[in-house]
């Protein structure tokens, strides 16, 4: 439940509006509320990090509003909490009125939800499940450059899970649609909340089965097999894509060195 910020309140401050994050001096604000002109605003505690509270403040600032991507190099847990704050702020902003009856809604006191004051409908933050998969063929890994990433970064394949589809089916479909190949021996690795805008990445490793690379030009600029010791520019550390690539490289080193 949110409350009014007092002078001595302290912690990490996720100040967000319209999926933007306030980053004075390029950093996530930390310290006493008075230092950031937050006293008197409403705040909701959304977690803790290193024993300090993490607060969400739904507010637009005139300057230094940026993307949560700018704090991706933070500790993984703090980055996740910043992402949670941005997603919750957008959820509360976009769910002021009920989609069924049009009446005003109010936040739940017990969970991340909005409740309709008229028809009692309950809304939760939208989470979009996605798959991301590293595909290995002998001593090489399949890496692609996506159309939305024109900075030279090559990464593994990923995509959204469709309605009525299992995660395993989503992997097979996305890989076939984007690269034209089939995979086998699928293995779950880990997951990562990814607030761009509200994804939950489920990470897998797989082995090449059959087929030649035929890219979907709407999704990819190019895709190729890269030997584990001769890789192109990769996603930054801290991303689940980077972990999948590094895990695949480690497996190749164990077998080929």
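Backbone N, Cα and C define each Cβ position, glycine as well.
Taking the Cβ of residue 241 (substrate binding site) as reference, residues of its chain lying under 8 Å away and at least six apart in sequence are, in sequence order, 132, 155, 156, 158, 234, 235. Annotation comment: Swiss-Prot describes 25, 69, 111, 124, 192, 193, 194, 195, 196, 197, 198, 199, 241 as substrate binding site, evidence class sequence analysis.
According to Swiss-Prot, the Zn(2+) binding site annotation covers 98, 101, 116, 119. Around the Cβ of residue 98 (Zn(2+) binding site), the same chain contributes 104, 105, 116, 118, 119, 121, 123, each under 8 angstroms and 6 or more positions distant in sequence.
Residues or ranges marked as divalent metal cation 1 binding site by Swiss-Prot on the basis of sequence analysis: 158, 178, 219. In the three-state DSSP assignment, the secondary structure recorded for residue 158 (divalent metal cation 1 binding site) is strand. Of all the Cβ atoms in the protein chains shown, 25 others lie within 10 Å of the Cβ of residue 158 (divalent metal cation 1 binding site).
According to DSSP, residue 174 (divalent metal cation 2 binding site) is assigned to a helical segment. With a 10 A radius on its CB, residue 174 (divalent metal cation 2 binding site) counts 22 other CB atoms from all the protein chains. According to Swiss-Prot, the divalent metal cation 2 binding site annotation covers 174, on the basis of sequence analysis.
Look at Swiss-Prot and you will find 174, 178, 219 tagged as divalent metal cation 3 binding site. The Cβ of residue 178 (divalent metal cation 1 binding site) lies under 8 Å from the Cβ of 144, 157, 159, 215, 216, 219, 220, 223, each of which sits 6+ residues away along the same chain.
DSSP assignment over the domain 'Nudix hydrolase' (125-248) gives 22 helix, 55 strand, 47 coil. Per Swiss-Prot, domain 'Nudix hydrolase' is recorded for 125-248, and the stated evidence type is sequence analysis.
Regional average pLDDT for the motif 'Nudix box' (159-180) in the model is 98. If you look up Swiss-Prot, you'll see 159-180 marked as motif 'Nudix box'.
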